[in-house]
Each structure stands twice: as structure tokens, then as C-alpha cells.
Amino acid sequence: MALEAWFMDDSNEDQRLPHHRNPKELVSLDYLAELGVLYWKLNPENYENDSELSKIREDRGYDYMDLLDLCPEKVSNYEEKLKNFFTEHIHKDEEIRYCLAGSGYFDVRDKDDRWIRIWMQPGDLIVLPAGIYHRFTLDASNYIKLMRLFVGEPVWTPYNRPQEEHPVRKKYIHGLTYKFGETVKAH
């Protein structure tokens with residue numbers, strides 16, 4: 001099954017709910033790619049020996065990896081951490097996440113500042129470009145196991161919105177204007 005993504009409603013209800021508009025407005029992988037979001041569907045049951053994952057890591061220079069179990073039983077200050085993840089922010093580097101178990105949502109802003117909700121389920125690997133406004137939350141299952149990938153030493157420094165003058169944000173916006181200027185292989 002392919003990645004599911006949609007435009008979100010404006011409700012302030014529980015962030016762990018799907019927040020579909022009525023009627024639903026689904027978002028294609030092509031539209032996500034226009035925003036710089038890349039996607040691969042992999043086999044989470046065999047991630048340690050997955051040649052496709054190894055190739056992605058090699059091609060993109062992802063030389064550091066760790067695993068993160070997010071659930072109330074395994075994370076101290078769980079609610080506080082979720083609140084931090086759900087605060088809209090950017091990063092200087094790509095954010096690369098591979099869902100191995102459970103599920104959750106990455107929300108990204110499109111070029112018209114609308115929220116798009118991306119439902120991460122087992123096997124989904126996404127790359128969010130540096131400079132894109134985004135946030136993360138678990139869904140109602142309250143559990144996700146993610147592989148985090150990095151180029152070099154892991155750095156996860158959020159820069160909360162507004163960041164319009166941040167050089168990475170400016171570069172991202174410039175890239176949107178020029179459609180990123182290169183062909184990127186993902187599916």
C-alpha cells in the first residue's frame with residue numbers, strides 16, 4: 001500500500017486524529033515530491049538486510065542510524081516530548097525517518113501554507129527537505145518505532161516558526177520556486 005497523505009482540516013481536536021477535510025482531499029506522491037518530500041516503500045521486517053535501504057543510504061550519504069521507540073511506556077516525559085515534536089519547525093538538514101512498526105503523522109506545509117498530513121505506517125521511508133515547515137505526532141495507536149537516518153553525526157535541532165530569514169528556509173523557498181532543479185529518484 002502506498003503512502004497516504006491529505007490536506008488537513010482546521011480543527012483543534014486531538015492532534016492524534018486524522019483531521020481529514022470533508023470531503024477528503026488526498027495528496028499525491030507527485031505533489032509531495034514538488035515540495036521536496038521523498039518517499040520509498042520498503043520491507044520493515046528485513047531492514048537489517050534490505051539491499052534497497054542500503055542503496056538509499058549509500059546514494060544519499062546516510063551513514064548514521066538509530067532506532068527510536070515512541071510510546072508512553074518507553075519515553076520519559078512522553079507528553080512533553082510529543083508537544084515539542086508537534087511544534088511547527090524547520091531543520092538545517094533533511095529529516096529522514098523510516099517506520100518499522102506502529103504509525104504516526106508528519107505534517108508539512110505546502111507552498112500555500114496549507115497543512116498536509118502524511119500517515120507513516122510500517123515500511124514507509126520519507127525524507128523531509130531542510131527548511132520545510134513540519135511537525136510530528138503519533139496517531140491514536142500511541143506507538144511508533146522509527147529508524148532515524150543522518151548524514152554524519154546526528155543533529156536534531158528544531159528552529160521554531162517563524163524562520164523566514166533563516167538561510168536554510170530561504171534556500172528551500174528558492175528551491176520551490178525553481179522546482180529543486182534536479183531529478184530525484186524515489187517512489
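Quick reminder: no glycine exception, Cβ is built from N, Cα and C everywhere.
As written in Swiss-Prot, here are the features:
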type	residues	note
BINDING	HIS89, HIS91, GLU95, HIS134	Ni(2+) binding site
BINDING	HIS89, HIS91, GLU95, HIS134	Fe(2+) binding site
MOD_RES	ALA2	N-acetylalanine
Centre the Cβ atoms of HIS89, HIS91, GLU95, HIS134, go out 8 Å, and tell me which other residues of that chain have a Cβ in range of the Ni(2+) site.
ILE90, LEU128, ILE132, TYR133, ARG135, PRO158
Pairwise CA distance, ALA2 (N-acetylalanine) versus GLU95 (Ni(2+) binding site), rounded so that it is a whole Å:
20
Can you tell me how many other Cβ atoms are located within 10 Å of the Cβ belonging to ALA2 (N-acetylalanine)?
10
Taking every protein chain shown into account, which of the binding-site residues HIS89, HIS91, HIS134 has the largest tally of Cβ atoms within 10 Å of its Cβ?
HIS134
Show which residues of the chain containing GLU95 (Ni(2+) binding site), separated from it by at least 6 in sequence, have their CB under 8 Å from its CB.
VAL127, LEU128, HIS134
In which DSSP state, out of helix, strand and coil, do we find HIS91 (Ni(2+) binding site)?
coil
